[in-house]
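Report on the structure given below.
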Amino acid sequence: MDPRSQNNSENQIHGDDNEDQRSGDEADKLNNFKHNINEGGEVIHENVKKIDMKKTLNDTTFILTCLKNHFVFYNLSEAELENIVNKMFYCEAAAQTYIFKQQDHATCFFILQRGSLEVIVNEKAKRELKTGDGFGELALLYNAPRSASVKCFENCNLWGIDRNTFRRAVEEMITKEYEENRKFMEVVRFFHNLTNEQKDAIAAVLIVQKFYKNQIIVNEGDPGSSFYIIKEGTVSVLKGNKEVRKLYKGDSFGEQALYYNTVRQMTVRAEDDVKCLALGRDSLTKILGDQVHVVTFRNLQKWAFEKNALLSKLTKAQIDKVLDVMKISSCKAGDVILKKGTQANQKIIVIIEGSLKKSKSGITVATKAQAWGEEYFLQTNKAKILDDDIVMETDGVIAEITADNFIDCIGGELEEIIKKNEKILEKKLQKSDQTKKKEAQNIKKSELSHIKTIAYGQFGPVYLVKAKFNQQLYVLKAFNKNQINEQTLEKYFYFIFLCTFNKRSKYQKLQIFHLSFHL
């Protein structure tokens with residue numbers, strides 16, 4: 001075997017004691033690095049030999065075709081792609097050598113022009129790369145160690161580009177994507193607890209990736225170093241060959257990779273054409289530091305409360321108090337969380353990672369970002385006894401709060417507090433409605449500007465209008481006098497039905513305000 005394949009990274013992992021061999025390997029690699037310097041004078045760390053060679057038309061066409069089929073480059077214009085092709089260098093790698101090894105420093109992305117390669121993860125062969133395949137793209141996206149090793153089956157010829165050269169070539173695209181991503185972050189729950197400064201910094205390191213229908217985004221068992229947010233499309237989450245759930249725009253996956261080194265617990269596959277925002281662990285850690293765990297864990301707990309039929313009726317302040325007290329712990333598959341024969345209303349549990357099940361029946365009772373146990377805090381269920389052990393179905397992380405602490409945080413029994421919250425909310429809505437009605441009653445027809453007709457009803461059209469004095473959008477329904485007379489609705493009044501316009505919820509679902517004008 002070529003001595004270059006026994007690099008320093010491997011020695012660190014496997015504890016090679018042969019110091020002389022190691023020194024020779026390092027010298028060999030360093031000698032090779034003399035040939036591998038990018039345009040900015042920076043060292044290229046991969047174990048390839050860079051060769052000065054002018055691209056032919058066939059070479060350019062080959063590289064362009066490969067780039068257009070790769071998710072990292074799909075969004076680039078023809079001019080940007082051509083610029084990247086011009087920056088790519090030609091290189092060679094010898095049979096039976098490693099181009100790079102898992103955990104090595106990453107510099108370059110490669111396209112294989114001739115030969116064949118093997119992808120190895122944790123010393124297990126995963127797949128084979130052939131002519132036209134690209135690999136090492138994470139090196140272009142963020143500064144993270146290699147998540148796999150790539151070994152040459154035979155002598156190989158490749159085209160490569162390093163991260164810094166790539167980024168310089170697409171600065172305009174990066175600026176445009178930054179603005180789009182920053183705007184998108186405002187509607188993604190994962191980022192809600194961050195400051196604007198933190199969001200700005202994260203938007204700068206988010207990378208857009210495109211995946212085609214049925215393409216695997218992450219593989220179960222592969223090392224994880226990045227987190228994904230779905231910007232467009234739908235994905236399936238698979239455990240083995242079984243679909244566990246589907247995720248949609250705004251959903252995220254791979255959070256575990258943000259706070260500790262781990263392997264992917266499930267496979268994620270694109271159901272249609274999908275765009276994702278990718279965020280590397282190292283990038284997020286540089287921005288948030290020790291807050292990574294705090295932000296991700298608290299977000300998941302918050303989502304669990306917001307999605308829960310009962311807990312979502314608590315106020316924001318009440319939920320925050322509960323989250324401040326919840327205890328977070330790691331669990332192993334099979335760990336007993338609550339024992340059979342004990343009171344069911346002992347605690348509320350939120351699954352941060354993994355899932356919870358009934359031991360004997362095997363029924364899953366809660367999965368990631370779901371709460372369990374709150375129903376036993378209702379008066380009708382308080383006396384219930386568990387008929388089965390509640391155990392961890394998989395390794396995972398949970399947050400829990402005891403019944404006493406929960407009641408203390410929200411200020412009383414769950415049902416009583418929910419009723420109080422609903423009464424307070426109802427009063428606020430009534431007050432708000434009264435204010436809006438008063439405002440609407442003072443609006444004159446002359447103060448409304450017609451924008452467009454948005455629907456036709458039984459008694460005539462429905463208009464989208466705007467108040468000239470405050471730019472507020474309204475939906476307006478008008479009845480003429482003849483219609484009112486024919487239907488004996490009213491003999492002396494002309495009614496205008498007006499409601500505030502909300503792009504999300506459509507006018508049919510909004511409070512309607514009645515304006516009357518004497519004829």
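Using N, Cα and C of the backbone, Cβ positions are placed for all residues, glycine too.
Feature annotation from TrEMBL assigns compositional bias 'Polar residues' to 1-12. Residues or ranges marked as compositional bias 'Basic and acidic residues' in TrEMBL: 13-31. Under the heading domain 'Cyclic nucleotide-binding', TrEMBL lists 72-187, 190-289, 310-350. The region 'Disordered' annotation in TrEMBL covers 1-32.
Non-local neighbours of the domain 'Cyclic nucleotide-binding' (310-350) in the same chain are 297-298, 300-302, 304, 356, 359, 366, 369-378, 381-382, 384-403, 405-406, 409-411, 414, 417-418, 421-422; each lies 6+ residues outside the stretch with a CB under 8 Å from one of its CB atoms. Break the domain 'Cyclic nucleotide-binding' (72-187) down by DSSP state and the numbers are 36 helix, 39 strand, 41 coil. Helix, strand and coil counts under DSSP for the domain 'Cyclic nucleotide-binding' (190-289) come to 22 helix, 43 strand, 35 coil. Secondary structure by DSSP for the domain 'Cyclic nucleotide-binding' (310-350): 16 helix, 13 strand, 12 coil.
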